[in-house]
Amino acid sequence: MSEGQKFQLGTVGALSLSVVSSVSIVICNKALISTLGFTFATTLTSWHLLVTFCSLHVALWMKLFEHKPFDARAVMGFGILNGISIGLLNLSLGFNSVGFYQMTKLAIIPCTVLLETLFFRKQFSRSIQLSLTILLMGVGIATVTDLQLNVLGSVLSLLAVLTTCVAQIMTNTIQKKFKVSSTQLLYQSCPYQALTLFIVGPFLDGLLTNKNVFAFKYTPLVLFFIVLSCLISVSVNFSTFLVIGKTSPVTYQVLGHLKTCLVLAFGYVLLRDPFSWRNILGILIAVAGMVLYSYCCVLENQQKQNEAPVKLPEDKESETDPLIGVENGTGILADGGVQKVVPLWNSNKDLDA
């Protein structure tokens, strides 16, 4: 098997793992949040990350992967930024309507494209731009309901979009710059993400739900679903880093919207959630956009491979990435959701990927 075939097989495996694990955690968290009343999303995410770190530590002890330390400031900044991103997304959902929150999620793709264009001079063809536009239009039709604006909610949404975009771009650039695998990066950044959310989680959840996570009645059934959610999250977190490392932040966002469509379809078919012609139309348009995006990406990759032998050697890529430089004090920028429109906490990023 050639290297190109191995890479394609690995990419397909990463995408499949991400979809399956994310849809699985949706089912688990829907039962935990909607049925059992455990609405402490941020605190639950800190437990997800803690279990993920422990699992990776056991894997390291069993020598399933090699520990590769690199720039500690970059890892710390990246981990804290990821934690802040999750917290801001939760706040955005808490202070905005579900419809406006879905618009916030849709804004991540164009914002990511803009940042990659400005800081990395990445070129997106018109066919790619058209496919992304169709995709966003379809997801918007399927998911966006009411749009209620307020100043605080709008500011939180803007900050959530910016931090999420920068964190996902950094995931890709750090892996390529320091030549670390998704497992190595996840292992080193997990403690900082978990610590950030563990500190702010109870306060944030209390602010949004008016409940105390420590006063909640933990029945055996609740504990079972919490443990199950944490175990599935290991796969969700790992697949997130794996997908972004093998593809790009934009492709990961496209995959995220595919999960949205799958969750909506799953809710209608198995859970008999309310569904309308607008949901069906939106999903069909979004799927068409995703198919077109995948087709355009394959064509462009083939074209690059065909042109590679005749190209002159290019200048070596700069050793300083603007978004990584942020963590070293030299950057320009200051710095896996269930994505469902019902009920309140079913749209959180941290519960998906």
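Easy rule for this one: first residue shown is 1, then count along the chain.
Cβ coordinates come from backbone N, Cα and C, glycine included.
Just so you know, TrEMBL annotations never went through curation; they're auto-generated.
As annotated by TrEMBL, domain 'Sugar phosphate transporter' applies to 21-294. According to TrEMBL, the feature transmembrane segment maps to 12-33, 45-62, 74-93, 99-120, 127-145, 151-171, 192-209, 221-243, 250-271, 277-296.
Along the domain 'Sugar phosphate transporter' (21-294), the predicted structure has mean pLDDT 84.
Of the ranges 74-93, 151-171, 192-209, the one with the most Cβ pairs under 8 Å to the transmembrane segment (45-62) is 192-209.
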